[in-house]
């Protein structure tokens, strides 16, 4: 299996981080480097996108409803995604990974989410757990924890949210007390995706006991192995949507973590945790776009099959205008995540664009899922049809990795700050 993954890496490693095109535009001759803006994907990117699309259509969609019904963790699909090189795409080449940019992973994420956002979220949660190590880990940490994920299909998780601290990350209560060459961690985390399946966690804890200490210095990021004594994994939560992903609470009781597992240094955790979102919010937005595209496609196909008052639904102006609005929204949301991904891949700070992409794509995913149910009418409210699942799955995009309201706070701060400066 590891050999298969490495072959996938060799095929896909040459992906370019420049240029893309909307999935509905015709290909045009590629522009020469430096000739200006282009929507065209490279041939390798098209191949990567096609691989993810084929996997989603042929292997995810046929079983998505059953996984949603049972809530079972989709182990066979995750193993298959790993074999195809569709997981762990951010891991640097020096540790056996693809070393892809954000736009490349967004292309994959949109296609996977089209098939099932529960499966996509399980995969994306791996990225969320890995990015803190990529931006804040040293060579030894990356080799040990990232390197082995390219040898076998392991999982990890981003362990930050608590029962009393969601959007208010600075309000977390989990404490890390240094004793000799170790830290003793005590606290409780909540809503941890992959919580019961992860082999290790990125954990954020308060290391400065002074309640007045600034967030930029009060918190430390740790790598915590899931089988460490004192780690108590809670029951799987039964959620509204994305039911096949694994979400749990985790208790840390006198968990001993060696100082070698501190990322960057004591007090650097908050910066690492927040910096992670600049890289992960564009793919989250891409996932929302994948769901929105699925909603549009399902609604359009149904409108071209169902007849009322002697003609197809799509021939009624009210429905055709609804589909037109849906199409506009999904294309604009796709552009927003592409801009955010391009900015970070170009080495620029993308906080503003990442929040715009995340907020807008999450909103339109919910709007389009609701509209798709409306087009289906009574059938849309029934589990025999796919759109009710889309409506349930969409809501979490407005909540996880920063709520819709938090994104607007960030956007307003960034926007107004430009005028003040």
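Cβ atoms are placed via backbone N, Cα and C, with glycine included.
Quick look at what Swiss-Prot annotates:
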TRANSIT   1-25  transit peptide
MOD_RES   79  N6-acetyllysine
BINDING   158-167, 191-193, 306-308, 316-317, 374-378, 402-405  FAD binding site
BINDING   167, 216, 278, 281, 349, 351, 401  octanoyl-CoA binding site
MOD_RES   179  N6-succinyllysine
MOD_RES   212  N6-succinyllysine
MOD_RES   212  N6-acetyllysine
MOD_RES   217  N6-succinyllysine
MOD_RES   217  N6-acetyllysine
MOD_RES   259  N6-succinyllysine
MOD_RES   271  N6-acetyllysine
MOD_RES   271  N6-succinyllysine
MOD_RES   279  N6-acetyllysine
MOD_RES   301  N6-acetyllysine
MOD_RES   351  phosphothreonine
ACT_SITE  401  active site, proton acceptor
Neighbour count check, CB within 10 A, over recorded positions 179, 279, 316; minimum at 179
What is the one among the recorded positions 79, 212, 281, 349 whose Cβ has the most other Cβ atoms less than or equal to 10 Å away? 281
For a quick check of packing: other C-beta atoms within 10 Å of the C-beta of residue 193 (FAD binding site), how many? 28
Return the residue, from the listed binding-site residues 158, 376, with the maximum count of other C-beta atoms within 10 angstroms of its C-beta. 158
Taking the Cβ of residue 166 (FAD binding site) as the centre, count every other Cβ atom within 10 Å, in any protein chain shown. 18
271, 279, 403 screened against residue 217 (N6-succinyllysine), Cα within 10 Å - retained recorded positions: 271
Among all chains shown, work out which of the binding-site residues 167, 216, 351, 403 has the most CB atoms within 10 A of its CB. 351
Spatial neighbours of residue 401 (octanoyl-CoA binding site) that are distant in sequence (at least 6 apart) but have CB under 8 A: 128, 277, 280, 281, 284, 358
Within 10 Å of the Cβ of residue 271 (N6-acetyllysine), how many other Cβ atoms can you find? Include all protein chains, please. 17
